[in-house]
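For reference, TrEMBL has these:
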ACT_SITE  Tyr137  active site, proton donor/acceptor
BINDING   11-17, 106-109, Lys141, 164-167, His180  NADP(+) binding site
BINDING   Lys188, Trp203, Arg210, Asp281  substrate binding site
DOMAIN    7-226  domain 'NAD-dependent epimerase/dehydratase'
SITE      Ser108  site 'Important for catalytic activity'
SITE      Cys110  site 'Important for catalytic activity'
Amino acid sequence: MKSDAKIFVAGHRGMVGSAIVRKLEQAGYRNLVLKTSSELDLRNQSAVAAFFEQEQPEYVFLAAARVGGIIANSTRKAEFIYDNLMIQTNVIHEAWKNGVQRLLFLGSTCIYPKFAPQPIRETDLLTSPLEPSNDAYAIAKIAGIVQCRTYNQQYGTRFLAAMPNNLYGPGDNYDLTGSHVLPALLRKFHEAKQSGSPNVTVWGTGTPLREFMHVDDLADASLFLMLLDDGCYEELLMYSDAPALINVGSGQEISIANLARMVQQVVGFEGELVFDTDKPDGTPRKLADSSRLHALGWKHRIELEDGVRDAYRWFVEQYVS
Ligand code: GDP
């Protein structure tokens, strides 16, 4: 990917897309095509077709998606399946029609079965039932992976799907009804500290295990994958057991209860934790096996506690004020 290559980052206002833009700019890429959702509704087939025909991007990072935490995913399933299917189908299809050289499709490890063996390998996809709370999102993302694979097989495209674990960082969603656990806890602890509240409620039992990664590490991995030499890249696309699919994990696994204690310390809240077991736990464990990515020479850099401090700094500077 030359420094003047035309690169479309779909979803550049989101946490993942904006981190990819920061990474590309740091790396000297200047020819970025960026459209807000009001300028280009990616769910609109004819608008996406016209955009690709006019802009002719050479590389695409597909980070546009409807995402959310466990409650948003389970209560707004229709929006999750419709928006994600429409966005990715239009972008992947037009990327093929307009000769895009490489496309990176971003999803999440929610695509894997609820009781997948741990750590979860790419080959565990579709081997048993999904976690019901996010099955609509997962099925949409699985359709996108299959679209990448089948386009590669039938049309010779070079589209790769990368599945990160639970992400967090600058630009995260801090709306308590729609957010994921880490931003929710940062906000809850911060507000409890400000108001002098005696306790903070953590959803579920606190026992589920999750693997967290700072979004800047994902952006770094995304560029790394886009820049892989042809031989390694083709090998990823051609794997016979799980073609065009790669996990992007940090290996930093922690229980929700211990995560809550870490956030409590970072924020400096001195009250108690209360577990609300009427709220769902979701899948018990979701640790990705990232050995394929590690074998290529990539590893995360940001350790969880440092990353949580960074996210909290962003929350206080950009969100609260
Ligand atoms: P998941 O990884 O897809 O299950 O999504 P989440 O990040 O929403 O939730 C991860 C785990 O954190 C689940 O077990 C939640 O019940 C738990 N959790 C604890 N407190 C919260 C909270 O305030 N918000 C969210 N979203 N999850 C929480």
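Any Cβ shown, glycine's included, is placed from N, Cα and C.
Sequence features annotated in TrEMBL and their locations in the structure.
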residue : record                                  : contacts (Cβ under 8 Å, 6+ apart)
Gly11   : NADP(+) binding site                    : Gly17, Leu42, Leu62, Ala63, Ala64, Ala65
Gly14   : NADP(+) binding site                    : Ala63, Ala64, Ala65, Val67, Gly171
Ser108  : NADP(+) binding site                    : Val67, Tyr137, Lys141, Met163, Pro164, Asn165, Asn166, Leu167
Cys110  : site 'Important for catalytic activity' : Asn73, Leu130, Glu131, Asn134, Tyr137, Ala138, Lys141, Thr283, Lys286
Lys188  : substrate binding site                  : Leu176, Val200, Thr201
Trp203  : substrate binding site                  : Ile70, Val181, Ile256, Phe275, Asp276, Lys279, Pro280
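The Cβ of Leu167 (NADP(+) binding site) has 24 neighbouring Cβ atoms from other residues within 10 Å, across all protein chains displayed. The Cβ of Arg210 (substrate binding site) lies under 8 Å from the Cβ of Asn165, Asn166, Val181, Glu253, Ile254, Ile256, Leu259, Lys286, each on the same chain and at least six residues away in sequence. Only Trp203, Asp281, of the recorded positions Gly14, Ser108, Tyr137, Leu167, Trp203, Asp281, place a Cβ under 6 Å from an atom of ligand 1. According to its DSSP assignment, Ser108 (NADP(+) binding site) is coil.
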